[in-house]
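All remarks here apply to the structure that follows.
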Amino acid sequence: MLLAGPPPTAAGDSRKSDIRLVSEHFSQSPQKLSFYSWYGSARLFHFRVPPDAVLLRWLLQVSRGSSPACANVEITVYFRYGAPPVINPLGTSFPANTSVQSPFFIKMLQSNASINISHPAPGDWFVAAHLPPSSQKIEMKGFAPTCAYIFQPDMLVVRAVEVFILEPDVPLPQTLLSHPSYLKIFIPEYTRELRLELQGCVSNGSLGCPVRLTVGSATLPRNFQKVLTCISPTWACHLFLPSPPGDRWLQVTAKSLAGPHVLVAFRAIAALTACRPWNLNSQHLLQSSPNQSCNASTGLLPPSPGCHGLGRSSRVGGGPFCLVSYPVIREDMDVVSVRFWPADRVSVLVRPATPSVMRLYLSTGMDSGGSLTISLQANKTAITNNTLVAVCLNAASPFLGFNTSLNCTTAFFQGHPLSLSAASRKADLIIPYPETDNWYLSLQLVCPESPEECEHASVLVETTLSLVPCLNDCGPYGQCLLLRRLSYLYAGCSCKAGWRGWSCTDNSTAQTVAQQRVATLLLTLSNLMFLAPIAVSVHRSFLVEASVYAYTMFFSTFYHACDQPGEAVLCILGYDTLQYCDFLGSGVSIWVTILCMARLKAAQKHLDRRGAWNMMGPCLFAFVVMVTMWVYRCGRRRHCYPTSWQRWVFYLLPGISMAAVAVAIYTSMMTSDNYYYTHSIWHMLLAGSAAFLLPPREQHTKPWACSQKLTCHYQICKNHRKDLYTVT
């Protein structure tokens, strides 16, 4: 399937190229890769492979910035047919009863790579890529060096424009020389078996059949293509395919195994074994009951062994009867949210003679971005110790071979087996990101030890079938988020409080409720340290600074109370509002502290939120103002400012040290694990440094003299900025 050579050429020298092939190129806009933390970190690309494609080549390109931080990083790229790849880079556990296939992936160490897939299946193909798992370190934007890794996959498809139609029971003559021959046959729905045979094969006039047939299309992560090699002329060259995928074209490629100048001729013939289902309409199902299971004359239920002598050889409408088709109602609830049920909305009658089949329509192109959940429950009194309800869930075609095997394998797909018995009357199955296709749920009653017990038995099985964006809405410690790539929508779980996994069910690193409460108390109560600079400001008549510290203490407390991931959460306002107010307060607190140290007669303010320069810009400007004023005072007074060594030793140096430690912790020591402790220390150091760094009060100002500055009530007050008098 994976080829190392270049794709066939569509044009050029006719001696080397096949003029029956054309190449088509598809591209999408590049995306910036992210370090992996959850499924939303992976970048998804969605392509559609056209019919009659004989080769698919992925051209993978990665570009990175030129900064020193751009080192060689291993990039993981996943490929899957029919649905987005289910990946697990962190090695977390999946929910119980989840069926997950290991994805096909490659790791890129260089900037470019390519992957070739011969005979690709037509339809949806997905590519996902991400950087290695992200570190737990919390870095402030603007402080840590960053590098942009840009990933772009291009799809090159080589498609056959001359394809021979192989009709059932009609021999198709073929001649092979240097190029393969491309054939296809249409498989009707509910085809029970396909027999493909080569007849009259000769090579340059002598007996022998050096031909290799490749039947079916390649899919990832699994590939169930069938390869038939015909060499010996002494035995018939044929291939049997049970339950081939219905209502679609099946690709067949014939290639000569002889030399490049050896002529090989043969006749290809395909025979289909039809399977006529017994279709039950809604009106019949609403009127039927288990007591009518042997009343074949009503037309409600199919005949079975023991009912009027009719058995497996019964025919309906001239064709062999092979299954009971239950009509299914599909109800679209929301985006990637669908509910299925039988037409009677209750249960499915399962019998021993033939399987009962329900078809689930997941072929709209938008159904592969959720999780398919299957829940089955059998009647308590219907199943005996020697009976078993065998269940298979398959894509593309139903499984019909319960009488010979229970492995749920069809011609090209491996299904998902389930069973209901007296010991276990309930079965559940979860399939994340099911392939875009028609899915079939097949149920049949079997008696492995005593087949005679099944002749007159039947079991009612209740079904709960649905497609959900996220299983259990990601639980109490996760958030179900809807992701989008162009027009394609898919869902993923973003976990919190240390929970991990596909549905946030992995508690290996989860926080207990006590730990959550301790973390909340640390992050909120640590803000009480701002009472110290508030008291100092009021004592020294810095009313504006005291107001800013009080504002910061209030919103930082309630922001962190709302920001917690678990049960200890309290939100008095919207999360975004609290976050903005917290970031604003932190920056303004540093701003006003530095400006106050400058001993200006008037204050200036400016801020935004998030990012280093949103906080550092105003603070650096204030720092420049402070240094300028100190230098000015030093020059005017002819000695260092501040003048007192006690001021340096007992106030400025401790305050600067606390501020330096706070900045170091904030920029380089915070991780996801120690965030609750380090950020609480940041609160206390920030507030403590503000209390130490505030300058002493003015010489002629009395302590706690704020009330003297608030004498303007309903009286004439003077505006010091404008030499005017106004009434307030």
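Backbone N, Cα and C define each Cβ position, glycine as well.
As annotated by TrEMBL, disulfide bond applies to CYS470-CYS480 (among others). Residues near CYS480 (disulfide bond) in space but far in sequence (CB under 8 A, at least 6 apart, same chain), listed by position: PRO469, CYS470, ASP473, CYS474, ALA491, GLY492, CYS493.
Spatially close to CYS495 (disulfide bond) yet at least six residues away along the chain are TRP38, CYS474, TYR477, GLY478, GLY501, CYS504, judged by Cβ distances under 8 angstroms. Sequence annotations record features per position, and here TrEMBL assigns disulfide bond to CYS495-CYS504 (among others).
According to DSSP, the secondary structure content of the domain 'EGF-like' (466-505) in residues is 4 helix, 20 strand, 16 coil. The annotation domain 'EGF-like' is assigned in TrEMBL to 466-505.
According to TrEMBL, the feature transmembrane segment maps to 612-632 (among others).
Under the heading transmembrane segment, TrEMBL lists 648-669 (among others).
Sequence-remote contacts of a segment are chain residues at least 6 beyond its ends whose Cβ falls under 8 Å from one of its Cβ atoms, and for the transmembrane segment (675-694) they are 138, 518-519, 522-523, 526-527, 529-533, 535-537, 540, 542, 545, 549, 553, 556, 560, 586, 589-590, 593, 596-597, 651-652, 654-656, 658-659, 661-662, 665-666, 669. Residues or ranges marked as transmembrane segment by TrEMBL: 675-694 (among others).
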Cβ packing number for CYS504 (disulfide bond), 10 Å threshold: 28
Other C-beta atoms that fall within 10 angstroms of the C-beta of CYS470 (disulfide bond): 24
PLDDT averaged over every residue in the domain 'EGF-like' (466-505): 91
